[in-house]
Amino acid sequence: MPTEETLVLVKPDGVARGLTGAILARIEAKGYALVDIKLVEPDREVLEQHYAEHVGKPFYEPLVEFMLSGPSVAIRLAGNRVIEGFRSLAGTTDPTTAAPGTIRGDFGRDWGGKVQQNLVHGSDSPESAARELAIWF
Ligand code: DAT
Ligand code: MG
């Protein structure tokens, strides 16, 4: 299978809590390649494009507000099956129940808001990865 790329975001909670380095260490230890990386303060338009699939859901507006609350780190990550591999490293969406050993399971929890503050984003398919990489890079 040819090498694949994915979009990873260290979300505002991860950056604010000083976890960027710990998260990058796990990605690097797994052996994926950092192709590009930058600190970004996205505007609402970027987030509306990025989260277009969630428009109308109850957590959509709180999600966009949360993503506007501080900078994120955007990463273009490469490797064989990296889309699936990074989502496995990240753990499931809800950090309360994400498996220990995953980024969300080890560093995340429920902070009592209207949105899951779950530290990272990873594209969920090759189509999403291509679309999202074009938005952020
Ligand atoms: P993932 O980030 O695991 O791909 P997703 O694409 O379904 O999850 O949702 C995007 C983000 O929206 C997710 O990281 C956190 C938030 N979110 C999803 N489902 C939620 C819910 N039921 N309640 C609160 N926030 C939610
Ligand atoms: Mg998703």
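Note: Cβ is positioned from N, Cα and C throughout, glycine not excepted.
Annotations in TrEMBL come from automatic prediction, not curation.
Over in TrEMBL, the protein carries these features:
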ACT_SITE  His121  active site, pros-phosphohistidine intermediate
BINDING   Lys11, Phe59, Arg87, Thr93, Arg104, Asn118  ATP binding site
DOMAIN    3-137  domain 'Nucleoside diphosphate kinase-like'
Cβ atoms near His121 (active site, pros-phosphohistidine intermediate) (within 10 Å, other residues, all chains): 24
Among Thr93, Asn118 [binding-site residues], residue with fewest other Cβ within 10 Å: Thr93
Largest inter-residue Cα distance among Lys11, Phe59, Arg87, Thr93, Arg104, Asn118 [record-listed ATP binders, Å]: 21
Inter-residue Cα distance where the pair is Thr93 (ATP binding site) and the residue listed as 'active site, pros-phosphohistidine intermediate', in Å: 9
Rounded mean pLDDT for the residues that make up the domain 'Nucleoside diphosphate kinase-like' (3-137): 98
Binding-site residues close to ligand 1 - of Lys11, Phe59, Arg104, Asn118, only those whose C-beta is under 6 Å away: Phe59, Asn118
Nonlocal residues around Phe59 (ATP binding site), in sequence order (Cβ under 8 Å, 6 or more apart): Lys114, Val115, Gln116
Contacting binding-site residues, sequence order - Arg87, Thr93, Arg104, Asn118 vs ligand 2, Cβ under 6 Å: none
